[in-house]
Amino acid sequence: MAKANVSPGMQQYLDIKKNYPDAFLLFRMGDFYELFYEDAVKAAQILEIGLTSRNKNADNPIPMAGVPYHSVQQYIDVLIDLGHKVAIAEQMEDPKQAVGVVKREVVQVITPGTAVDSSRPDSPNNFLVAVDFDGKAYGLSYMDVSTGEFFATDLADFASVKSEIQNLKAREVLLGFELSEEEQAILVKQMNLLLSFETTALEDSPLIDHQLTAVELSAAGKLLHYVHQTQLRELSHLQTLVHYDIKDYLQMSYATKSSLDLLENARTGKKHGSLYWLLDETKTAMGMRLLRAWIDRPLVTSEAILERQEIIQVFLNAFIERTDLSDSLKGVYDIERLSSRVSFGKANPKDLLQLGHTLAKVPYIKAVLEAFNSPYLDKLVNQIDTLPELEHLIRSAIDPDAPATINEGNIIRTGFDERLDHYRKVMREGTGWIADIETKERQASGISNLKIDYNKKDGYYFHVTNSNLGMVPDHFFRKATLKNSERYGTAELAKIEGQMLEAREESSSLEYDIFMRIRAQVETYIDRLQQLAKALATVDVLQSLAVVAEKNHYVRPLFNQESRIAIDNGRHAVVEKVLGVQEYIPNSISFGPQTSIQLITGPNMSGKSTYMRQLALTVIMAQIGSFVAAESASLPLFDAIFTRIGAADDLISGQSTFMVEMMEANHAIKRATPHSLILFDELGRGTATYDGMALAQSIIEYIHDRVGAKTMFATHYHELTELSTKLTKLVNVHVATLEKDGNVTFLHKIAEGPADKSYGIHVARIAGLPEDLLARADAVLTKLEAQSQARESVLSTTEVRETQQLANQQLSLFTDDGSSSEIIKRLESVDVMNLTPIQAMTVLYELKKLL
């Protein structure tokens with residue numbers, strides 16, 4: 001990016017910029033961060049800031065835009081949110097002391113995956129992901145730079161990689177291998193990711209356990225290298241890498257989590273109306289993030305779940321202590337992110353005060369937990385390190401009224417440093433000392449109007465008018481002569497002035513140095529602070545789940561090994577919260593050990609989808625350790641949940657509703673086990689009726705015969721209810737309705753057996769369609785039903801007659817060309833009683849080829 005005829009300062013800019021071609025370079029110049037050339041033009045448009053130029057009178061003025069240093073973060077946030085990278089070039093020396101061009105260096109590169117600063121205290125994790133491939137398996141590693149969390153796993157296929165990236169809600173992915181343009185497009189366009197290619201791995205890091213697989217090590221090493229290259233400093237808050245296996249958690253795709261509104265409402269994109277919203281009674285930012293993590297990754301082992309349940313039960317049994325605990329957690333700040341600010345060298349006095357305030361509360365929180373007197377809490381109590389020495393350091397060192405910046409002074413508490421106290425005394429009492437000198441010299445000299453003034457050139461001086469020059473004492477020395485007066489100094493005044501100037505200059509730098517030393521001391525406690533943060537976050541989530549359980553009258557679920565689901569008067573926890581307890585109608589759910597499929601029929605808007613989601617949310621709540629919305633519940637432990645609820649075209653990739661349905665159905669039947677839960681709502685509706693019914697039946701049979709997963713299958717194909725006569729593990733249920741005087745009431749209650757009507761026109765009436773249109777629909781429906789019955793009657797008679805005729809005919813009636821015998825053999829081999837629709841279509845196609 002060489003430019004001709006540029007100044008030394010601009011050449012410095014160009015030299016730095018060439019190393020960061022893919023980032024906006026914010027170049028510190030005095031009180032502004034400036035952008036030049038293409039960066040300025042783009043930034044002016046994106047940030048809506050003024051675009052000007054440097055050297056306006058030159059033949060080719062340099063485009064320039066700038067933002068004030070004190071508000072730069074808000075502009076950085078905008079660029080990062082739009083998926084850009086930002087490089088920060090700071091002045092590395094005092095411009096007043098610099099010889100020639102001020103030395104500047106890039107001190108940090110901020111990217112979507114490494115952004116730390118946020119104006120939202122409750123902001124979720126921001127994960128940076130790295131992926132590598134060794135030809136057989138994929139290694140995936142991710143980190144939240146703002147908290148230091150660091151994880152890695154290995155995955156069998158790229159579909160699993162994409163699913164994990166979606167579940168992490170990553171904004172930036174590092175690739176250590178070549179990826180096809182098609183797959184890159186999926187990541188960039190469909191998943192809105194910033195892709196970077198990283199080929200260098202950081203080796204021999206103490207953060208990485210070398211027991212990992214080689215591909216995991218490679219992904220983790222490349223992620224660490226990228227973080228070091230962008231943050232340009234050692235980060236003491238980064239935690240030791242933790243290996244995980246996705247099979248250790250209840251597996252759910254991003255689409256499943258979205259359809260169940262786990263972390264946000266899929267329709268609004270907001271927290272309100274989600275399971276996270278329902279369960280969130282946390283008091284700390286750390287607790288909020290951990291609750292999201294628990295909802296995102298429910299457990300699959302009963303021991304860990306029961307441990308959480310026991311603590312929730314302890315909290316429920318002691319209302320006063322639990323209320324005290326909740327109140328004490330309210331004043332706890334975000335220890336994880338405060339620690340990261342210390343590690344980044346960005347912690348200001350207010351940050352340390354927040355940390356100190358939090359540590360001051362910890363002994364009381366620990367005492368409250370001990371007051372529960374429960375062995376189930378012993379592990380958590382032992383993890384709570386009160387760090388009294390760190391709390392004492394911050395309390396004794398940092399002034400409680402300290403400003404948020406480190407260069408304004410008034411940071412260090414009086415009494416912490418003797419030298420600083422002396423300087424402050426000089427500054428505080430110096431003006432009094434000068435007033436005393438003025439009074440003393442006025443009285444001694446007899447000059448009644450003698451006074452001391454100050455300016456930057458002469459400093460402090462005695463002001464003597466010409467009429468009093470004869471009375472000037474001998475120990476006065478002249479500093480300046482004016483037209484009507486002269487300025488004098490004395491040794492005593494010079495001494496006081498020197499002390500005051502020294503105090504003013506030295507106290508500022510001394511206070512800065514003291515603060516830096518304190519911050520460095522705090523940094524040595526980061527490991528212990530992070531362990532404390534984890535313990536407090538766990539306490540916070542468990543008390544939150546206890547509060548929610550008590551408020552909403554939830555019960556403790558039991559787990560069984562008989563593959564049995566028994567939920568008595570269960571509720572969809574989120575819908576109940578939105579509607580209110582009085583309006584919600586509960587439903588029991590029962591799957592015996594030998595029942596694998598519930599076929600659900602009933603009209604639209606009757607509650608089929610809510611009933612299905614109710615089971616899924618009950619399972620998820622139970623497996624995060626929460627109590628559940630029911631009068632009682634006994635469940636098996638599930639290993640995965642697969643859903644297809646709600647229809648939506650994939651507009652970006654051009655896939656129709658039907659294609660998405662089939663892909664999700666394929667994903668479920670291939671990956672589900674007998675310990676999985678499958679929820680299919682109206683599968684097959686995206687194609688022609690008979691195609692859809694054939695596929696729906698085939699999928700039901702496949703799940704019944706080969707998969708064995710607990711399945712809820714809601715359908716409008718009433719013909720499928722006949723499957724219960726031949727599929728022994730399938731039962732029919734329907735949503736009950738009440739029909740009286742032409743009016744239909746949906747009871748939202750699940751009953752045994754199939755539905756007898758769909759009530760589609762009634763739903764249309766509720767939707768407000770014109771009455772004349774609905775009357776026409778009723779007439780058409782009556783006619784179609786009559787035609788259908790007549791057609792079925794004729795078909796039945798014809799089939800009987802043709803069968804009898806065929807029995808009396810001789811084989812010689814067929815042309816003897818050889819194909820007839822093949823057709824007969826093929827027909828004889830067909831098991832008509834067990835033929836599925838899709839298999840029948842296949843046989844018909846084969847027979848047609850033989851003709």
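Including glycine, each Cβ sits where the backbone N, Cα and C put it.
Features reported for this protein in Swiss-Prot:
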- Gly602, Pro603, Asn604, Met605, Ser606, Gly607, Lys608, Ser609: ATP binding site (BINDING)
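Annotated features taken from Swiss-Prot, shown on the structure.
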residue	record	Cβ neighbours (10 Å)
Gly602	ATP binding site	27
Pro603	ATP binding site	21
Asn604	ATP binding site	19
Met605	ATP binding site	15
Ser606	ATP binding site	25
Gly607	ATP binding site	23
Lys608	ATP binding site	26
Ser609	ATP binding site	20
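Ser609 (ATP binding site) falls within a helical segment according to DSSP. For the recorded site, Gly602 (ATP binding site), the DSSP three-state label reads coil. Apart from the site residues Gly602, Pro603, Asn604, Met605, Ser606, Gly607, Lys608, Ser609, the chain places the Cβ of Val735, Phe746 no farther than 8 Å from the centroid of the site's Cβ atoms, the recorded ATP location.
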